[in-house]
């Protein structure tokens, strides 16, 4: 398992809509994320800057690089494109974050 983190940007005034859409995330998308090796995925918001900070844990043999090929993933990105910053192909703009510190319980 490894953990990655990245930053995205939410458009102003879209917090409630972003939360609503994620509360109603499509079961097919959840299944595809799990099948790709995603084991834990959390997104946090800095309300002052509208930056979203995502932390994702995935299996060592993950296949996340194939997610953009999936119709349901593309459909989700199209669905989210009106409320966040995206590239011309409607994928969310993401900036990888560099890990600087980790604290784990000795039993891990």
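Yeah, the Cβs are placed from backbone N, Cα and C, and that goes for glycine too.
Just so you know, the Cβ of residue 22 (active site, proton donor) picks up 10 other Cβ atoms within 10 Å once every protein chain is counted. For 22, the entry in Swiss-Prot reads active site, proton donor.
For residue 77 (substrate binding site), other Cβ atoms within 10 Å of its Cβ number 18. DSSP assigns residue 77 (substrate binding site) to a helix in the three-state reduction. Annotated substrate binding site per Swiss-Prot: 18, 41, 76, 77, in sequence order, evidence recorded as sequence analysis.
Pairwise Cα distances among 18, 41, 76, 77, which the record gives as the binders of substrate, peak at 16 Å. In this structure, 41 is the one among the binding-site residues 18, 41, 76 with the smallest number of other Cβ atoms inside 10 Å of its Cβ.
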